[in-house]
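Here's what TrEMBL has on this protein:
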- 70-397: domain 'DhaK' (DOMAIN)
- G118, S119, G120, H121, D174: substrate binding site (BINDING)
- H282: active site, tele-hemiaminal-histidine intermediate (ACT_SITE)
- 441-644: domain 'DhaL' (DOMAIN)
Amino acid sequence: MSRCRSVRNGAKTRKRPVAKCYKTTSGSTLLKGQSAGTKGACPQGKFSGARKKFCSALIMANVTKKLLDSVETCVDDMLEGLVAVNPGLRLLAGHRVVLREDWEDVRANKVAVVSGGGSGHEPAYHGFVGSGLLTAAVPGNIFASPPPDDVLAALRAVTGPAGAIVLVTNYTGDRLTFGIAVERARAEGLQVEMVCIGEDCAVSSKDKTAGRRGLAGTVFVQKIAGALSEEGKSLAEIVETVKNTISSMGTMGVCLSPCSVPGSGPMFQVPQDTIELGLGVHGEAGVGRMKMDTAEKVVETVLAHMTNPDNTSRIEVKKGDSVALLVNNLGSTAYLELYIIARDAIKYLEARGVSVERTYVGPFVTSQEMAGMSLTLLRLDDTRRRCLDAQTTAHAWFPMCPSPSTGTLRTTRTRVQLSTDTQQAATVIAGATKVDKDTAQQIFRVVSAVCNSLMTAEEQLNDLDRACGDGDCGSTLAKGAKAILSALGSADTPGLPCQTPAVLLQEMATIVERSMGGASGGLYSLFLTAGAQSVMTSVTPASWTAAMKAGVASIIRYGGADPGDRTMLDPLHAATEVLKALQEETADSMPTLQKAVEAAESSAQRTATMAARAGRASYVSTDRLTRPDPGAQAVAIWMRAIYSSLEK
């Protein structure tokens, strides 16, 4: 895809040097006129004049940071990398043309499928070269149409007796440059047909030179044309099917943040609280803007506009139709967001009686680092299903994980229910020691006190964590505490088995690993699970001490830390060493527990001067680690809460 631009790659349009490639003795692929040492490191770690000038220019111009070797040659550098990592691809010497390795076989026996447009939309178009998809792709400069001579060179290379179909996105520059090449190819006697793809549902222009833009739905068209070529279909058959496909699909995108071409700053701005609706892949204006909202609301807005009967560029989708859905990453949108978007789109469509048979998620047609997505709907028939499911070697095509029973057909049976061994669980509960009612009430109060102490200390622990982590230690522990309190219920009718401490610890372990997540949830789950075994047959001060000891040993075994590494293990270990005295029958429980709490508090404070050798803090500069470890401080807090509760 491309736009007509007087500026390319951030510099004035100029004649591009011939990108003739050759191999060095080391096997590196270089452009003609480039020395083998051009990209190497400079002596004594200093920049060469050219590299220093390149980096200084980027800094002085305040342009968007990108990892390039040169703004001027970035497209050619990218293409060299593409063929270097994909053995089934080749570059046509003297031109920017990417070919299938077996392009000569296609020319001799099948209809060639050619496409292309401006670079900067990777993996389009060159990422879709391969059997079952494109025979050749012709990339231009960033967001700029390729020159007609490159397109003509591609057509000369791959067009045989069966002819070639040229798939072009509906941008003025692409139509002109590809059209010139097609006419020249026909003048040379080549059988070539060109089809323009325009499926944008945001644009309702009646301008004959503009019209609906070609967006991510282009990939569906390319896939179907490539599959039909592999089947041996004629040029006329492919053209007819492609045109019908284009009239049966629609796309609309949204943007959260802008893109930039190499050597330049952002092409436009989107306010922090705003989303751009229906924009083109270069940032061209769409239908308007909306306030930032949930993924569900954004998806609803997009799909409602795409299918609105009053929208002249709508896609006709009615109850009972079957569609393929493509969720396209416009550049820097995380898969976390994309799968949420896919889920919301499927829910929206199926609630209206539309069957979403196939869903494709990933980067197909991007716009550099633009944050955003587009949704494409394609009404399905048997031919389109067959072609979408056909095999391809193109590395950028994203098929879904097929089902052994339904293949690529999407299923609503997305969850499985595992049967639990209730008999085994009942045996464990039946074999666990129970305590009297008063002791159970005491345990209830202790658990409540521990949870409340962690919830109260949430911001204190977050503040400590900001120096060595992501500032969420307190919030994570508070999540676990709130989940336990919710399950604990009231003192009169507890929701957790306080009368059976071993089972209580096991259930609390499950709660914290589900509610807290991450390393903290895992460590506390290990601590509680290991400790439960020690109070299975008896519940005494000695068995509680054994539970602490077992929990500490489990954290050491699986957590990878040792006492002295500046972690939660330090106060746990210090307290356990003191509590060992309770294994003697003559030991006084409360004074010993008080000493253990003081030992934990003292150990937690000492972590402020320790070198971090485990956990996230071990990656932080020692200059920043001047306060106690938040995980260690949390242990001291909840141990003090235990003592205070028992003392009352």
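Backbone N, Cα and C atoms are what each Cβ position is placed from, and that goes for glycine too.
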Query = If you count Cβ atoms within 10 Å of the Cβ of S119 (substrate binding site), leaving out that atom itself, what do you get?
reply = 28
Key: Which listed residue (H121, H282) has most other Cβ within 10 Å, given these are recorded positions   = H121
Ask   = At the Cα level, what's the spacing in Å between H282 (active site, tele-hemiaminal-histidine intermediate) and G118 (substrate binding site), rounded?
value = 10
Remark   = In chain order, residues whose C-beta lies under 8 angstroms from the C-beta of G120 (substrate binding site), counting only those at least six residues away in the same chain, are I142, F143, C259, V261, T366, S367, Q368
Surrounding CB atoms that lie within 10 Å of the CB of D174 (substrate binding site), all protein chains = 27
Message = Return the count of C-beta atoms lying within 10 angstroms of the C-beta of G118 (substrate binding site), excluding that atom itself.
response = 28
Task = Restricting to the domain 'DhaK' (70-397), report the mean pLDDT as a whole number.
result = 94
